[in-house]
Structures are given as structure tokens and as C-alpha cells.
């Protein structure tokens, strides 16, 4: 049963949690900038001696970008306190000693850069507009690179038919890895009628065309936590995941054995919590606690 | 139990079937032109007094285009003998007395044209390249048209992020219809390493982003048969569907109460027939008969 955050259980959280993992979009900031009181709360937790990490499914940016973004908001973060899916995909390939080339359906400035930083050969990131007007033109336009042994797909605003053809063609080879950064359906934006489709959109197009299922790097899969655990020797029972989505953040907490706090400043609502599946442990996405926003937690821990 | 086509059961088919419905790609032709002996077989059936229709999920072309394509192959067909999904989508909206505007994620020269032919207002078909480099640019670039009350998605080689944003945004309105021409994953091509993703790719991207399921026009849904039945007063038990895919053509036959013949000149193989689900009537995709190609049927009916 999810509990509404109160002063009493906030104090209990402070006693029982050493490490806080924060989702970013919808928790720390949204399309309009920082969410009021959020960064202050994180800084206060640091002052109280808590370790803080940032764990985001967002595949639009490098870790370096996140460090700069935080700095712009007056919040100092180190690179190894940030885990994002463009980086974790590159880290995953490094851990597998991948030596071939990656076809990237995603952004050059995030997915391409993170691969480059590990010295992993890659191609495809960026724009790739349609060539010609017929089957024949397209077939001719797609020159497959025999070195490619992995298709990596993430958020791709340059999605094009040429890219879908190339990626699907590579995926015909059974020894070609198929990796997705994340499968979120929408990016969180507020106060607009416009929906901003996220990587889930590109991933499902490829899943349908190829008939294959990707290995997904982002939450709720435990990849990002595994890296943190290895490097920082974290005990999951002393960790709390703070997020705005039941299906990614809270499931991630469950999958990794962490405590969880849902904030209502992003995607999921109190109604979602009440309707969340709880028929078995495998699909229980109810958080331990929920609060309007991160500022609430901050309010309750001011005196500590 | 699917039976291999023999002279004996071909003759039985001739006695029991008045109307033949043919899938096109993979049955009459493929990316390389007519499949040897196929069109001759169809013409022979016509000479024998059979009524012949063409029922294709392909959303790349208008009915007019199909008429011309057949004529180029020396095969004369009338427009009302052809049912394709770009046309059936327009026909469906006409039958619902749809008076608003359609946002088309698909080809202008097929889906746009078929809507125009019925006088149905539409927008979006054709190319719509990415504007700018950030969230803000994209949001600004998407001007929603308040008249739009339907999103129609089909094969779209001009797929772009702007289109995905527009379509997903329109679909936020619960009164906006969501129609897909077809959900085939690939177009049939042979003798190449390149895969040609079909409309299923675009449909799934929108399904994921919008969280909605479209009404699908193409096979295996019965829409195209319903129109034929109404106009030509067909008795389904005296109809045979001839196709190359279990999941579309043969399921279509089952859904409409028709007899079925699978030809192995396209997507599905004998192995697929043997592994086809048959646990209940609702998912039984085994054909009544199967043959290497349409020429086989032709061979057996030569003497008639």
C-alpha cells in the first residue's frame, strides 16, 4: 500500500536511506526548467550526508550535457553521479568487449558521442533523408556496411525511412545485436497541446519491422543500477529511487530491490497509483511513498 | 488440415467457387514484376466465367494505379474489381458521413488522392521534414489544425518526427478517429539483403506514442469483403481468397467465411502452414489448400 509522504515517514526515510537515485525529467525539471524546490531538496540531502545519483532514461543527451545543465541551474554534479541511457548503452557494449561497428538510430550528439568516448565505431547517427521516390531508388540508396554487428535505437528526431530500412536490414542477421536505450512513449511537457513522442516510438517501429525484441538499457531494466552498485558498492535496501513514472521508475526500484518514492510532478498521478497492478510481485508497480513533488520531501527534512 | 493442391481438388474448387479474391504482392507479382503464370491463371478463371477481385493491403497506390499496372502487364481490370487500403479508408470515412478533416500520415499519391476523390478534406500527406534542433523549435513548428478529427496512417516513406508529433497530438483528443490502412510489417522483396518496412512500422510508432489502438482497414479485418459483398451480392461460401500470407490473407478468408488457397510465392512457407496456430476457430490461420504458386492452379484447370 503506497503511503502519502508525511513528516513522520520522511524522517524514517532519512534514517533508513543512504543513497538517493533521482529520475530527472518530471522530478528535477520539466520542459519549462527546474521544478520549484526540487534541486534545493537534493542539495539538502547532500548536506545531510546522503549520496545522490541521477538516473534518467532520456537518450537525448550525454552525461556531460547533464552536468552542464545542472550547473546552469546552480547545482553542481559530477559525471559519475549521472547515468543516462545513451551512456549506459555505450558502457554495456564496452562491458561486452564489442569490437565491431554500431548502427545508431538516434542522436549524434548523445548516442554517437557516448560511443565515440569509449572508442566504439559507429555510423548512422544524425539525419538520413529519403532518397528518390520508388522501391528501386530506396533499395539502391541503402548500402549496408558489413562491419555493423549492432543496431542501437533511441530517441531520434531524424527518424526517416532510410534509417528504418537500414536498421531492419541489419537486424535480419541473427548475430546483429539489437539494443534500445529506452522505451518511454512520450517526453514530459506541460502547458501545451503538443505531444513529444520519445524513443518508444522509434523502438516499436523497428520491433515490428524486424520481428525482434531489443535488449532495453533504460528503466525499469536494472542495467543502470548494476553499474552504480559495482562502482559505488551500494546496498539496494539502503537506496531509494525517486521518480514520476510507475512503469519505469517505480518498477526499476522494485526490480533492483530499492525503496521508492513517486512524485506527482510528472507523468503518473494518484489515480495511477490506485489503479496500479499489484497482482504479483513481478508486476507490482506501487511505490512505497508518494508526494506532490520533491519540494514536499524538502519541507519535511528542513529541521534535520 | 491444409491440403496440397492437386488436379482433383482444383477441379472441386472450380465447381464450388464462383468468385476468386486475389491478394496482389507475392501472388500476382513481386518487386521484380509478374510472377510467372499468375496473370494467365487469373485470365483463364475469367474465361471460365468466374468473377475475379483484387484485394490488397498495399497502401502505396490508388485503385487507378493498380488498373494501369495490370494493363502494363497485358491484363485488363476494372476499377471496381480492385480493393486497396488507401481506397477502403476513404470509402470507410464516406460510409460514416465524415465531414471534418483527415490528418494523413502516408502518401499523397495514394491516401491523399483517394480521400480527394471522395471530396474528403485532408492534410499532412507528403513530406514534412524536421524543423529546428530543440524541443522548443519542434513545439513551435507543430501548428495543430482544429478541423482535424481523424488521423489516417499507412505506408509512409516520408515518416518524420514532425508527423509523429502532429499525429500523436491530434490523437490526444478522444473524439479524433484513429484509422490505419494496414499493419503489414514488410513489403515483399526478393533477391536482396534490404528489408522494406511497411505500414505496420508507422502504425506501431503511433500506437505506442498515442496509447491508442487504430481501426485497421486491411486484411485480416473484413472491411474490404463487406464492400464487395454489398456491391456484388457475394455469397462468402462460394468465394475463395488466394493469398501468400497466413496472418493477413488466410485469416481474412476465415474472418469472412470464405474458402482459402495459400500460394508459396510470397511471405508464408509450408513450414509456416505446419506451425500455424489452430487451437481455436478464432486463431486458425491454416488454409484449405496450398500450392507453390498460382501457375499450379492454372496448370490443373487447363483442360476445363
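Using the three backbone atoms N, Cα and C, a Cβ is placed for every residue, glycine included.
Unlike curated entries, TrEMBL annotations are predicted automatically.
The active site, nucleophile annotation in TrEMBL covers A:23 (among others). According to its DSSP assignment, residue A:23 (active site, nucleophile) is coil.
Sequence annotations record features per position, and here TrEMBL assigns active site, nucleophile to A:25 (among others).
The Mg(2+) binding site annotation in TrEMBL covers A:23, A:25, A:244. The secondary structure of residue A:244 (Mg(2+) binding site), as reduced to three states from DSSP, is coil rather than helix or strand. Here residue A:244 (Mg(2+) binding site) comes close to A:23, A:25, A:26, A:27, A:188, A:262, A:263, A:264, A:265, A:266, A:267, A:268: these same-chain residues lie at least six apart in sequence, with C-beta atoms under 8 angstroms from its C-beta.
With a 10 A radius on its CB, residue A:219 (substrate binding site) counts 31 other CB atoms from all the protein chains. Annotation source TrEMBL lists substrate binding site at A:219.
Of all the active-site residues listed here (A:23, A:25), it is A:25 whose C-beta has the fewest other C-beta atoms within 10 angstroms.
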